[in-house]
Amino acid sequence: MERSPLPRIIALTFGTLLFVSAVLLTLSTFLPLFTLHRASHWFFVPGTLLYETYAFSSLLVPLLLLHTALLLFVGGRSLRAESALVAFPLLFITAVCGEHGLYALRRALAARSISPSTRGGIDIVCVLCLLALLGAELYAALIYGERCYVWFHARIPRDFIADGFQDPSFPPSTADHPDTVSPPPAPSCATADVQTPEASAPPEGQFSTEVPLQGGEFLISEAEVQPATQVAACGGVSTPTALAPSVPSQAPFPLLPAPGLIQSNLPSDVHAPASPGSLPSVIPAQAPCVMALSPISAPSVAPAETLIPAQDDEQGPPRPIPASAAPLRHPCRGYQVPYDLLDQYSEDTYEGIDELTKNLALLLEETFSEFNIRVEITGIKKGPVVTMFELLPPPGIKLSKITNLQDNVALKLAASSVRIVAPIPGKHAIGVEVPNKKRSLVTFKELLHTRTAGSNRMAIPVILGKDVTGEPQVIDLAQTPHLLIAGATGSGKSVCVNALILSILYHKCPDETKLLLIDPKIVELKLYNDIAHLLTPVITEPKRALQALQYILCEMERRYALLEQLECRDIKTYNKKIQEKSIATQPLPFIVIIIDEFADLMVASGKELETSVARLCAMSRAVGIHLVLATQRPSIDVITGLIKANIPSRIAFMVSSKMDSRIILDEMGAEKLLGRGDMLYMNPSQSFPTRIQGAYVSERELARVIAHVRAWGTPEYLDEEIFFDDDDASISGNFVDESDPLYEQAVQVVQYAGKASTSYVQRKLKIGYNRAARLIEEMEARGVVGPPNGSKPRDVLRS
């Protein structure tokens, strides 16, 4: 189809107008500079205004119009010409600023006694510098414009197969395999018309057809061929007939090359080289039936001949064989998230011991001396948020006597809270942590640049923040192996979860680590949708969350079966072995399950969720499945003993009471934290928790990183069949064929209490609300409890 000439006509019209405008504006600017031509006519007004405003820099305006006109005149304009056009505003601003700067320099030199020759030399140097700067800017615009163009188009993967389908003139590669023609299904029949392409025949060597084999298979040639027509079936002939060419007598040149034709329709080895022959000069009266040829529809992509089974050799023409796709690019190849996506904040210096810190040390000694405890300051370590004073207590003093003075020390130092560590692990001293007057910001970008020594060898490195000494704290989630995060609202829990996910996105590609995000609050993790690391879209419903965890349990058992077959103890050994022996195509990825508000799921699902989580925590470490549970309500019914026993690594943010701190860490201390990322991290290798200031990640940084990761590739979600909607198999535990196994236990609960309600059964049996309501309805149907009694519990009718 021919292109419309209208766009070209419009471009030439606008180009002519711009060219005429450039000439007129140049004359309007230059002519008033001469004595013979005054700027009194209206023609000279635009040039006069430009010159009075921008002086000689105004000559760049008609130059811009002329350049734009040339671009419109020339159809095949270059990339550098377009880059120069885009860079014009920068060149114009530079010229104007440089010229005004030169005039200011002249006025400054006018008050000095400088010779005219020196002034002229200064003017020449300034003009040359300005021209050099303009040339450098133009050169940079041309170079970086081309680089930006290449970078932008390199991010858009080209589909060469699709390009071949869209461009019928794409020449196929037929050097390795000669063209062949299908033998006729019968040696003789009525004369049939052989269709040729509508246009003139293409050059020699651009046709290829399919050759049926004896075993019901077809040979994939270098290109896919779509049969144009099917000739009528012919009767059988007992004697073999020589194959006639499928070329009409009026054809200007043969459609097939002369050598390589099959000489007989008898069964023969398809891989045997065909004997050379020549086309007969006379077409027989009864030409054998052959399949009409059609132009090649796609370029060659198959590297070698491939055999695939066919349905039936005798049922019509063979089915066209689709071209096999080229091997996909490995998703991890070149995966990298730039550091520039993160914001750079001003660096705060907090390492130095200033006079204020020394005064606090003196006040600390004075405070303890008021209670007849003579302590000695042996060290001061200043961190981004708190400063730790190391005290050496006198002999014979109980540590409990010192720790009980936390509130008195806070009052004396005018601090919001003071935490006393008695003793400091591994030291002969007591630590007193006092908040700094000015908190320093710990950024995620800073910690990415200053990694710890062993972070490169970690399987799943996670950046937490800095400790009280200012050292970066990076943990390996694969060694943790599970993590519990708890803290009150506004303590920094959500920022910690975002920093954890961001650490995975920066260090691991989608083929190395997969994420399963569960967000009952709906708004916290929704922004991570459509990234390639996700197994499923972010789950917000409790029912789908439990079904996803049940799928992970099945995946865990499948991985254990794979490890058993290769006699491996963990996923690291398995991936190493399959790589050495080339057993599998790609290693097993790690799976990280992040549940943002675990308390809401426990209320909705109850016992089933606790059982699934406990089983995953107990068994999934060896197969590379790790859990991160976050909650803001660290009560005993949410963080049960079964879950705590299987999650030894925990992070506690600021909580409201000592009891909450004991539930999380099994000790006090979290109630003394400052909030805004101040945390206590406890792992199995340490007997005392470590105080850390969490890394800060803003929402703008998250949006930029997620947008970059989304552009890398699309996610491959699990099949939606794992999220079944059948009420008979829902998470509430509906049993059709038989009674609920918990029915007898529920009857005993209501008979012992003398009252029956859905919420009471739900709390006592630790089950979901739907299942508890179904148990109450079943008791009512069997006459155990009475009908609903408004807001009061039901009456127990039978004991």
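Any Cβ shown, glycine's included, is placed from N, Cα and C.
Taken from Swiss-Prot, the feature ATP binding site applies to Gly490, Ser491, Gly492, Lys493, Ser494, Val495. Look at Ser491 (ATP binding site): DSSP puts it in coil.
Taken from Swiss-Prot, the feature domain 'FtsK' covers 470-662.
Annotation source Swiss-Prot lists region 'Disordered' at 167-208.
Per Swiss-Prot, the feature topological domain 'Cytoplasmic' maps to 145-799; the stated evidence is sequence analysis.
The transmembrane segment annotation in Swiss-Prot covers 14-34 (among others) and rests on sequence analysis.
Look at Swiss-Prot and you will find 55-75 (among others) tagged as transmembrane segment, backed by sequence analysis.
Among the features that Swiss-Prot reports, transmembrane segment is placed at 85-105 (among others). Packing against the transmembrane segment (85-105) from elsewhere in the chain are residues 54-57, 60-61, 64, 67-68, 71, 122-123, 126-127, 130, 133-134, 137-138, 141-142, 145: each is 6 or more residues past its ends and has a CB under 8 Å from a CB in it.
Taken from Swiss-Prot, the feature transmembrane segment covers 124-144 (among others), and the record attributes it to sequence analysis. The list of residues near the transmembrane segment (124-144) in space but at least 6 beyond its ends in sequence, with Cβ under 8 angstroms from a Cβ of it, reads 80, 83-84, 86-87, 90-91, 94-95, 98-99, 101-102, 105.
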Which of the listed binding-site residues (Ser491, Ser494) has the least company, meaning the fewest other Cβ atoms within 10 Å of its Cβ? Ser494
List, in sequence order, the residues of the same chain other than Gly490, Ser491, Gly492, Lys493, Ser494, Val495 whose Cβ lies within 8 Å of the centroid of the Cβ atoms of the recorded ATP site. Gly487, Thr489, Cys496, Phe653, Gly675, Arg676, Gly677
Go through Gly490, Gly492, our binding-site residues, and report the one whose Cβ sees the most other Cβ atoms within 10 Å. Gly492
By the 10 Å Cβ-neighbour count, the most surrounded of the binding-site residues Lys493, Val495 is Lys493
